[in-house]
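According to TrEMBL:
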- A:160-353: domain 'ABC transmembrane type-1' (DOMAIN)
- A:1-20: region 'Disordered' (REGION)
- A:23-44: transmembrane segment (TRANSMEM)
- A:56-74: transmembrane segment (TRANSMEM)
- A:109-131: transmembrane segment (TRANSMEM)
- A:160-184: transmembrane segment (TRANSMEM)
- A:205-226: transmembrane segment (TRANSMEM)
- A:232-251: transmembrane segment (TRANSMEM)
- A:337-357: transmembrane segment (TRANSMEM)
Amino acid sequence: MSSSSLIRSDVQPSPAPSPPQPVLPLTVAAVVASVIGIALMVLAAVELRNFNHHGVVSTIIGVVLVLLTLYPLWPTLRSIGAGRERARLLQDGKLVAARRSAARGREDAQIGMGYAVASVVVALLLLMVLANSAHGNGIAHTFFSSSAWRQSFSQMLPAFWINIWVALIAQVLVLIFGLLLAVMRMLPGRAGAPLRRIAIVYCDVFRAVPAIVVIYLIVFGVPLAAPGLTKISPTLLGVLALTLTYSAYVAEVYRAGLQSIHPSQTAAARSLGLSYFQTLRTVLVPQAVRRVIPPLLNDFISLQKDTALLSIAAIGEALLTATIWQAKLFNLSPVTLAAFFFIIITIPQARFVDYLINRDASKRAGG
Amino acid sequence: MSFLEISDVHKSFGHNEVLKGVSLTVERHEVVCLIGASGSGKSTLLRCVNQLEQVNSGEIHIDGDTVTGAGVDLNRLRRDVGIVFQSYNLFPHMSVMDNVTLAPIRVGGVSKREAQEKAMVLLESVGMGIKAKAFPDSLSGGQQQRVAIVRALAMEPRVMLLDEITAALDPELVGDVLEIVRELAHEGLTMMLATHEMGFAKEVSSQVCFLDQGAICEHGSAQQIFEEPREERTQQFLSRVVKSGRL
C-alpha cells in the first residue's frame, strides 16, 4: 500500500489564507470601559474628599486614584493606531503584516479593558464604602473611622500578640499530633487495626464538630475534670482546643501526602533492609511533608484566624478587645483593625511558603 | 545444597495467578537470566526472592535457610539480597551520597564517615563520584541507575536481583549500566536478572530461564537456549525478538 492512496490532495485542499481579525469592536469596548472607570473614580474621589472634610491627604489620594484610572487609555489609544495600520496594510494587500497589526491592536485593547474593569471595581467598592457618609452613618463612618483606630490601637496590638502566639504554639503542636494521627491511621496489619480505627473516629469527630463548640467544651469542660486543672489558664486550653480541631484536618493532609508517594519508594527502602518505621521516617514522611506544604499552610492560615474564636471563651485576644472598644465607642472600626492585623501577618507566610517550594525545586534540579 | 533454591513457588494477585509453580536453583557465583514476554512473571519471581511479594505456596531457601513464610526476619534477609528496579526508585529528597549511605548507616550500623568513604569508592568505580552531592532529579536515567546499583551494593548483598534495569533507559545509556553488571558478574557476584537485552543475557549468563505464563518453560545454558531452543514457545519468542532487532 503506497502512501499516495492514503492521502490525496483533493481530500485536503489548500485553505485560503485567513484574513486579519477585527480590532474595532475591542477598541470601542476598551474606550467605553475606560470612560466608565474614570467617571466612577472621579465620583469616588469627590466623595472621599467630602468625607474627610476636604483634607489634604484625601485630596492627594483622590487625585492619585483618578490619575491611575487614566492608565487604561494608553493601551486603548495604541490599539486605535494598530487598527488604522491594519486597514492600511490590508488595502496594500500585505496580509501577514495586517494580521500582525491586528493581533497587536487586539491585545492592546484587551489590556486596556483589563485595567479599566479593575478601576471600575475599585471605584465601585470605594463608592459603596463612602455611601451615606453625608448622613454620618455609612460604612466609612462605622468601619473605617481613623479616630476609633487611634484610640483602640494601643490595646489592640498587645491583644493581637495573644492571637499570634496562640497560633504559633497550636501550629507546632498540630504538626506533631497531626502526623501522629496520620501514621496511626496508616498502621499495617491486624495488630494495627484498633489504633487505625481510633484515628479514623478521631478525625471524623473533630472535623465534624464546629471549632467553636470544641472551644466551649475544652475551655469550660477541662477545669471541671479535676480540681488541679482549674489552675490552667483559659488561653492554654484554647490552644489545646484549636490543636485538637486542626490536628484532624492536618492528619488528613499528611495522609494524602503519604499516600501520594509511589509504592516503589517503599519497595526500594524495604528492599534495602529498612524497617517499616525507618522507611516512614527517612523516606516517606520527608517526601510527603514537602508535597503537602501548600495545603498545610492553608490550614495554618485558617487556624490563625480561628484564634479569634477564643473571644467567646473570654480570652482577651484581638477580637474580644475590639468588641469591648466597639461597645465603648459605638463604632465597629476596631473590628476592622483586627482584620487588618490578620491580613498583615498572613501575607508574609504565603510568600515564605512560595519561597520554600521554589528553593526546594531549584535545589533538586540544580544539584 | 544449592545457594538459592526456589521450589514450586505459586503467587497470585487476587484471581490472577502470576507464578504457577516455579522451581529453580542457583549456585554461588552464578548469573541467571530470566527472559520472557512482559507479564510472564519475571519481576514477580524476583520480588518473591526478597519477599517484597509473599508467596502463596512453595518455599525459597537462601544458603540453607528458609526465607518464605512467617517468622522470617525480612529486614535481615533484605540486607543479604539486593534488588535494583527498572525505574531506579532513588529517593528524590536525598543526595546521591545519602541515597547510598542510608541503609549502611541505619541498618548496617556503620558509622557515617565509614559509610561515606565506602560509598565514594563504589561511586567512583561506576564513574559517579563527581555526582555524589547531586540530587537524583538532576541525573540522567543511566546515571540514576548506576547510583541505584551502587546503593544496593553498599549493603554487600550475597545475591543481586536486577529487575529489567535497562528497560527504561535511552538506548545510548544502556551500555554503561550493562558494563557494570558485566564487571559484577566477572567478580563472581551471584545475580538473577530479568532482562530484555538478549545479547547481554547470552554473554553473561551461566543459566537462562525462559518464563511463559508464570512457569519456567525451558531452562538451560545460554548457548542451548539461544542456539537450539527445544520448546516451541521458546522458539516463537526468540524469533519475535530477532524480528524486532533485539538479538
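A Cβ is built for glycine as well, from the same backbone N, Cα and C atoms used for every other residue.
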Problem - Annotated stretches the transmembrane segment (A:337-357) and the transmembrane segment (A:56-74) touching (3 or more Cβ pairs under 8 Å) - result: no
Handout entry: Positions whose Cβ lies under 8 angstroms from the transmembrane segment (A:160-184), at least six residues beyond its ends
Key = 195-196, 198-199, 202-203, 235, 238-239, 242-243, 246-255, 258, 280, 285, 296, 299-300, 303-304, 307-308, 310, 315-318, 338, 341-342, 345
Exercise for the section: With a Cβ cut-off under 8 Å, give me the same-chain residues at least six positions beyond the ends of the transmembrane segment (A:205-226) that come close to it. Expected result: 232, 234, 237-238, 240-242, 244-245, 247-249, 252, 306, 309-310, 312-313, 315
Problem - Tertiary contacts of the transmembrane segment (A:109-131), as residues 6+ beyond its ends and Cβ separation under 8 Å - result: 23, 26-27, 29-31, 33-34, 36-38, 40-41, 43-44, 47-48, 51, 65, 68-69, 71-76, 79, 138-140, 143-144
